[in-house]
Amino acid sequence: MNTQTTIEAGRITQALERLSADIAEALAQADGSGEKLALIGIANGGLPFCQKLATSLRKKLGCELPVGSVDMTFHRDDVMANPIPAAKSRTDLPFEIEGATLILADDVIHSGRTVRAALNEIFDLGRPKRVYLAVLCDRGGRRLPVQPDFVGLVLDTDPSQKVKVNLDTENPSLDTVEILQA
Amino acid sequence: MTPSPAWTRKDLIAIEDLSREELDIIFATAESFKSTLGRSVKKLPSLRGVTVVNLFMEPSTRTRLAFEIAATRLSADVISVMGDASSLVKGETLRDTALNIQALSADMIIMRHSAAGAAKYLSEITDMPVINAGDGAHAHPTQALLDAYTLREKFGPDLTGKHVTILGDILFSRVARSNIWCLKKLGAHVTLAGPSTLVPREFENLGVRVCHDLKQALADADAVMLLRIQHERQTSTHFPSLGEYTSMFGLNKRRAAWLKPNAIIMHPGPINRGVELDSDLADSSRSVILDQVTNGIAVRMAVLYLCASTKSLSTAQ
């Protein structure tokens, strides 16, 4: 697989910064003070992005922000066509879902099927008051009516390409987003 | 994310058919399903639209229930057919029963039968995945899988070098046979113990130790698996009385002291309390009998899910 485009760390850091500022502003406008707020990464690709977003948002909001992960495997619509991966992060939501405002985070949005499945998994565990969707990269190609509320980078890709996000939670200067030609 | 290798097996008939890799796929999948068992909404959509027929030609409570619950949790439609309430009592052959079930658009069969080989036969004459829920004295693969899963939970995923003693009626036990295959594939050492009439030396050909001295058989065990003494089959021919069996091989507090301090006690059920196992031991902290029952749901969900996925793939192709 050949790398066609690489987005470097500086642009990713900027995108993350702007994205978290947008979320903080939206939360302030929604007057969410005192509400249960939590951040959920979609396993596995969304987890490093979620972690970085949490760090940035905690600074901006000046409050604790619990973080969880959601594994949407059981709600995939191709669930019987692909075996369950042997190693993956399980759904772990160490906070109350019922009535909470959640920010669902993933590294890339494409067809929208992953987000649909993640929402179903969350709703098996409780009924949040509101769910925002934040993604680092929107590569287009939606097949379901699912749109993110907050987007870091808009990528121009065609269906044959792959988007690979490499986020280093320790060293942001190593972050890259690669567009690969199959 | 490390994708698991593809599962290509339509049926689960016996542990001896499975590779070590396939065992690991089942355990990984079961672990995923187990993480969902404590939820308030326990149902997952994985087998939505799939019709599972639970064909039980021999009496069973926990295996049948566990399969029913497992299939239901995966959103399958489950229909249970008992042997004495089926057309088999009118003289219909097993072949015709199976082909009729297939013609009724069922998708999977879970079968228990008194004849060894019945599940394999069914798997060869139908396109549906067939899960063996016990065939005669041959195999009970999901019991062995849930036993191994329970051992992995207690001792970690690598069972290499662990000592497991299976105690009781080995000769007629499909559970023992499946467990021997499974534990050996996972690298554990297996000792078979019990009276010589129920534990013949021929079992040594399977690569296990046969021991008629209970103290010796328990001394190095990390786990002891007790098997039910099947009153209905052996009392008249294989030992003089249940009382005598209990006095020689029943596990009680005094004998449990021969085990290592962290050794666990297992039993596939149903237990003959006071015969092969004392009641206080069955309910003690060393007993993982109820863990086995719970794990049976997760393991059976995994097996149903994996075997159903091959049907889905072949339909799609």
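For all residues, glycine too, the Cβ spot is worked out from N, Cα and C.
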Same-site residue for carbamoyl phosphate (record: TrEMBL; known: B:Arg62, B:Thr63, B:His140, B:Gln143, B:Gly269, B:Pro270; options: B:Arg20, B:Arg39, B:Arg95, B:Arg112): B:Arg112
Fewest-neighbour residue among binding-site residues, criterion Cβ within 10 Å, set B:Gly269, B:Pro270: B:Pro270
Which of B:Lys90, B:His140, the listed binding-site residues, has fewest other Cβ atoms within 10 Å: B:Lys90
Residue with minimal Cβ packing [other Cβ atoms within 10 Å] among the binding-site residues B:Arg62, B:Arg112, B:Arg174, B:Arg228: B:Arg62
Lowest local Cβ density among B:Thr63, B:Gln143, which the record lists as binding-site residues, within 10 Å: B:Thr63
Segment-level pLDDT (mean, integer) for the domain 'Aspartate/ornithine carbamoyltransferase carbamoyl-P binding' (B:10-153): 93
